[in-house]
Amino acid sequence: MPPATGDIDRQIEQLMECKALSETEVKMLCEHAKTILVEEYNVQPVKCPVTVCGDIHGQFYDLIELFRIGGSSPDTNYLFMGDYVDRGYYSVETVSLLVALKVRYRDRLTILRGNHESRQITQVYGFYDECLRKYGNANVWKHFTDLFDYLPLTALIESQVFCLHGGLSPSLDTLDNIRSLDRIQEVPHEGPMCDLLWSDPDDRCGWGISPRGAGYTFGQDIATQFNHTNGLSLISRAHQLVMEGFNWCQEKNVVTVFSAPNYCYRCGNMAAILEIGENMDQNFLQFDPAPRQVEPETTRKTPDYFL
């Protein structure tokens, strides 16, 4: 049964103060979110106006700053292009808040899957350890990583702007190819679903081997052809740190949006979000990090053994 509106509103209020939910609340939240996300599409249609956001990576106070700059949810419609967890100190609170907002305002918020929304990656880059530290077990990690399998892979704003975390795939020429994928699974090591979450644009033409070890690099010729074939004006993606928070490339066929300022608390970059207005007009809002909070104790407590 869906949670009462009052319950979810109370949870959102609590999360806005960076106070984590109980394990039971997370379990119920994820179960409800699954019932919403399972009905969404691999290419989820989105109407304008909408504000498009890139990586957040557990930088909770910078997410609050994003909402301050861009407008609160649900007053502003948002589309997040993945990578909510890992690296920052507050992955639990960050992903909990975004999922709670999705459950409360399902038509006002679109949350896509990033390459970090995966069991394997989160065990290496911090989310798993954070869940153990904050809850004393891995149950919350399991609830969220099971939910991640349901996240849409891409979104399409007014049939014109194609949004996704990473980039294109040599296996996928059309949006219909993407629509036919079975997405409800762990991110594979290779293949089209992996490519959408891992690939990057590149200055060289054609397809290239990615230095990331997953996905591909794709040239301007590839992006131009993909946009032409599918009647698109723009590919909007995240996945790469860009110092100004946004970066046009490939003759403005592709834009990278990155929304974690001073990434990893040391990169010195600005963050940005992309406002797409009623008439599909585009406006970038840049922002600096929120004032530093007291960092939590992040020493890794290694359990005596792993079950």
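Every residue gets a Cβ built from N, Cα and C, even glycine.
Binding site for Mn(2+) 1 per Swiss-Prot: ASP55, HIS57, plus ASP83 from the candidate set ASP75, ASP83. For the pair HIS57 (Mn(2+) 1 binding site) and HIS165 (Mn(2+) 2 binding site), the Cα-Cα distance reads 13 Å. Rounded to a whole value, the Cα-Cα separation of ASP83 (Mn(2+) 1 binding site) and HIS239 (Mn(2+) 2 binding site) is 8 Å.
When the alpha carbons of HIS239 (Mn(2+) 2 binding site) and ASP55 (Mn(2+) 1 binding site) are compared, the span between them is 7 angstrom.
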